[in-house]
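One structure is given here, and the rest of the page talks about it.
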Amino acid sequence: MNRYTTMKQLGDGTYGSVLMGKSNESGELVAIKRMKKKFYSWDECMNLREVKSLKKLNHANVIKLKEVIRENDHLYFVFEYMKENLYQLMKDRNKLFPESVIRNIMYQILQGLAFIHKHGFFHRDMKPENLLCMGPKLVKIADFGLARELRSQPPYTDYVSTRWYRAPEVLLRSSVYSSPIDIWAVGSIMAELYTLRPLFPGTSEVDEIFKICQVLGTPKKSDWPEGYQLASAMNFRFPQCIPMHLKTLIPNASNEAIQLMTDMLNWDPKKRPTASQALKYPYFQVGQVLGPPPQYLEQKQSVVKPGQPTEPKPNLPKLEPSSPDALDESQPQLPSKINHQPLQQSQLPQNTTNQQLPQQQQPQPLLPAINKNSSPVSYQ
């Protein structure tokens with residue numbers, strides 16, 4: 001660690017702390033994650049999911065693990081430095097983002113996710129705190145503590161994802177979930193970028209399912225038979241709800257944005273587009289330069305070429321032509337330092353306290369998630 005000078009603490013938790021540092025050789029700023037657990041061999045270090053994932057991934061929209069250092073049985077991860085996360089970026093806004101800004105953020109998230117999935121991993125904990133930013137122009141996916149290889153064999157039984165971004169198949173205790181759970185989370189994040197409010201702010205796992213039903217409506221058994229099988233195995237009954245059109249909840253989103261969010265938030269994971277397919281949607285086919293600014297692309301990166309996914313685009317219903325609602329200074333003003341609040345306050349169709357999901361043991365993450373009321377950047 002003598003190659004780096006530590007400057008200040010960025011975050012601290014049960015399992016480790018994150019410090020801002022500077023390379024003594026180049027002067028480059030870095031984030032140094034120091035694990036509290038001691039590691040007595042390199043094999044033990046290399047078996048960590050975060051290391052196994054990140055050492056294989058080099059992309060402009062994936063946080064770069066520069067090096068792993070083991071010194072006196074302590075393990076240090078040295079990451080590129082990012083000044084904030086997407087949650088902080090949204091929290092500090094006092095007006096809505098223009099759609100052009102949201103489009104570029106979403107493009108970068110999906111580019112990074114397509115790369116991760118293409119290389120055989122799915123993230124399992126996509127949320128605003130795990131998307132690191134240098135302002136809205138550059139976004140990178142971080143925190144691979146829960147990442148899993150796509151080729152690893154189910155069943156999966158461990159805890160995944162923060163509740164508000166958790167896919168319904170995970171809430172219903174599926175043991176064979178895969179990369180579509182990341183797409184669901186990204187759809188939820190996209191809605192939040194438009195409103196600066198979480199779309200499904202459930203107070204418990206059962207309430208989370210109710211919140212989803214309030215927006216999407218009760219799933220039809222014919223549309224998602226696997227979901228009904230999962231619910232039946234838990235003695236859970238879906239509440240009866242009429243779907244709300246996303247446009248009524250997110251009026252500042254264009255028709256193309258609504259189409260993409262609707263498809264990513266499909267009850268059935270098999271019907272959600274892949275990240276590569278999502279990049280082919282009309283939402284991104286506009287006369288706008290998308291991706292990180294040139295100054296952030298000095299190093300050679302492996303980038304998925306825009307508009308050239310490997311999978312075919314899913315069949316889409318025809319949309320009426322609609323220009324994106326470019327938002328400007330006339331945007332409605334929002335209170336400063338917004339905290340997460342529900343989009344809707346509608347009454348639950350039935351008492352959610354009567355239904356309980358089975359308890360599930362949570363594995364220890366490499367570092368705890370940032371508290372919603374705190375501000376340190378997460379390099380988990």
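Using N, Cα and C of the backbone, Cβ positions are placed for all residues, glycine too.
Sequence annotations record features per position, and here TrEMBL assigns domain 'Protein kinase' to 4-284. Residues or ranges marked as ATP binding site by TrEMBL: LYS33. Residues or ranges marked as region 'Disordered' in TrEMBL: 300-380. Look at TrEMBL and you will find 330-339, 371-380 tagged as compositional bias 'Polar residues'. Residues or ranges marked as compositional bias 'Low complexity' in TrEMBL: 341-368.
All protein chains included, the residue listed as 'ATP binding site' registers 25 other Cβ atoms within 10 Å of its own Cβ. In this structure, LYS33 (ATP binding site) is part of a beta strand by DSSP.
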